[in-house]
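Participant: Not my notes, these are from TrEMBL:
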- 1-47: region 'Disordered' (REGION)
- 99-510: domain 'Amino acid transporter transmembrane' (DOMAIN)
- 119-143: transmembrane segment (TRANSMEM)
- 178-201: transmembrane segment (TRANSMEM)
- 248-272: transmembrane segment (TRANSMEM)
- 284-307: transmembrane segment (TRANSMEM)
- 338-358: transmembrane segment (TRANSMEM)
- 379-404: transmembrane segment (TRANSMEM)
- 424-445: transmembrane segment (TRANSMEM)
- 452-473: transmembrane segment (TRANSMEM)
- 485-510: transmembrane segment (TRANSMEM)
Amino acid sequence: MEERPETELISIPATPRGISTPEILTPTGQRSPRPPMPAKESKSATWTPSSFISPRFLSPIGTPMKRVLINMKGYLEEVGHLTKLNPQDAWLPITESRNGNAHYAAFHNLNAGVGFQALVLPVAFSFLGWGWGIFSLTVAYFWQLYTLWVLVQLHEAVPGKRYNRYIELAQAAFGEKLGVWLALFPTVYLSAGTATALILVGGQTMKLFFQIVCGPLCSSNPLTTVEWYLVFTSLCIVLSQLPNLNSIAGLSLVGAVTAITYSTMVWVLSVSQTRPAQISYEPISLPSVGASVFSVFNALGIIAFAFRGHNLVLEIQATMPSTFKNPAHVPMWKGAKVAYFFIAMCLFPIAIGGYWAYGNLMPSGGMLTALYEFHIHDISRGLLAVTFLLVVFNCLSSFQIYSMPVFDSFEASYTSRTNRPCSVWVRSGFRVFYGFLNLLIGVAFPFLSSLAGLLGGLTLPVTFAYPCFMWVLLKQPPKYSVSWYFHWILGWLGIAFSVAFTMGGIWSIITNGLKLKFFKPS
């Protein structure tokens, strides 16, 4: 029988519905679409799971069977490796929807990376001065940008396994028990603790916004600060009913835009006004050498705390589809680069412009307190009101993305016990409970938002140290090579700085007392 030449074969394109995907329909009805198949693929000498399905192999087979095998070939080439799917992931908020993209990554990273902690950067400069302040901020920015890249690359460090959460990666690198011990507290604080601080900042900002807008027309019995906390928490709970991380992409966009806007307004309004009399740019001097050292450590802890969000990197990347030919780290890194460009455009002007405008007269509460104290009569009430309103919107948006890992943990515990997804009522109940729990913590400990130095030291390893250790333990570069030394040194420097900054934060608390310093009490 004469063999048919390969040029006479008819190419039958694979249709998107030719095979069923291995993914599970989620409770919200969303499904993660696979990216479209490329029209032509370049030849590769390496073996792929579909390399045995060649045109010569298919030539004697009938058309229906040929279509099935061609569709199978396209799917295998797209997947490239067998990912171990956990059915429970289809029920959880972080991994329920995997249709994220580079735009979503940019929105989420920018919303998580800029917040109230940026407004206290000039406070750190008042202890460090111009030179050391700018140097420390620059080093910290590029250090955390590198560790961000490390986390993005480690998301699929092991073929066939996606580390969808920071704790999962820590367990893979350090071991099941040690990974939990090392990563649990800092990641829980960076999620739940930040949410509590956002309630404090958002509630007090709403109170100031009301005072500015209402002015002398306010009633004789205005809402108390705790009541404003309750109003803000209620708004957060309403927005938290969005089911998963991808569903809050619009809120993250709002948070990103408002963060950029109010950050720019704060430093522009400060720089455009007349500087206070007796301003000085000499670092604040303290009576003893020990006090000066600890104050510097506390200031560096404030700078470290400004770079938060690494505890959310893997979670954001988990919302994206990933295949052998289209891995998730490509769109994730594209979005992260855009986000951190804008983060730099927010943090550096606030730190430099704020210190130029107020020098060592900068109040311990940061830029909003300085505007309120020095320029309440110089800047129009409309501009001040818009600035405070943007801060409120940003706090509402940031609350959602920082709370999502906690929602995920709640629902993971429930689904593992019941072996079924959370109903709408159970999911809503978890989120209402979480919101009011954060409110109670905030009312009981109203000084949380003022502990930037201490909290920066305690959570610093998540951003600056652990990613370096994870790289060595999972990627296993040659021992005593440049990469091996570089990551071990960088990691242990991060641990040392964490200890030093924590000591500086504790010293600051003992010296100044526990009090809410973000706003001037009214």
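Each residue, glycine too, has its Cβ placed from N, Cα and C.
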Participant: Counting Cβ pairs under 8 Å that are 6 or more apart in sequence, does the total for the transmembrane segment (424-445) and the transmembrane segment (284-307) reach three or more?
Facilitator: no
Participant: Below 8 angstroms Cβ to Cβ, which residues of this chain, lying six or more residues outside the transmembrane segment (284-307), approach it?
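Facilitator: Residues packing against the transmembrane segment (284-307) from afar: 113, 117-118, 120-121, 123-128, 136-137, 140-141, 144, 347, 360, 452-457, 459-460, 463-464, 497, 500-505, 507-508, 511.
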Participant: Can you tell me which parts of the same chain pack against the transmembrane segment (379-404), counting only residues 6+ beyond its ends and a CB-CB cutoff under 8 A?
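Facilitator: Distant Cβ neighbours of the transmembrane segment (379-404) are 93-94, 108, 111-112, 114-116, 190-192, 194-195, 198-199, 201-202, 205-206, 208-209, 212-213, 215, 232, 235-236, 239-240, 242, 244-245, 248, 251-252, 254-256, 258-259, 261-262, 265-266, 269, 273, 312, 315, 368, 371-372, 431, 434.
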Participant: Do we see three or more Cβ pairs under 8 Å linking the transmembrane segment (178-201) and the transmembrane segment (452-473), pairs being at least 6 apart in sequence?
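Facilitator: The transmembrane segment (452-473) and the transmembrane segment (178-201): touching, yes.
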Participant: Given a Cβ distance threshold of under 8 angstroms, which distant residues of the chain, six or more beyond its ends, lie next to the transmembrane segment (248-272)?
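Facilitator: Answer is 100, 103-104, 106-108, 110-112, 114-115, 118-119, 239, 242, 339, 342, 345-347, 349-350, 353-354, 356-358, 367-368, 370-371, 375, 379, 383, 386-387, 390-391, 393-394, 396-398, 400-401, 404.
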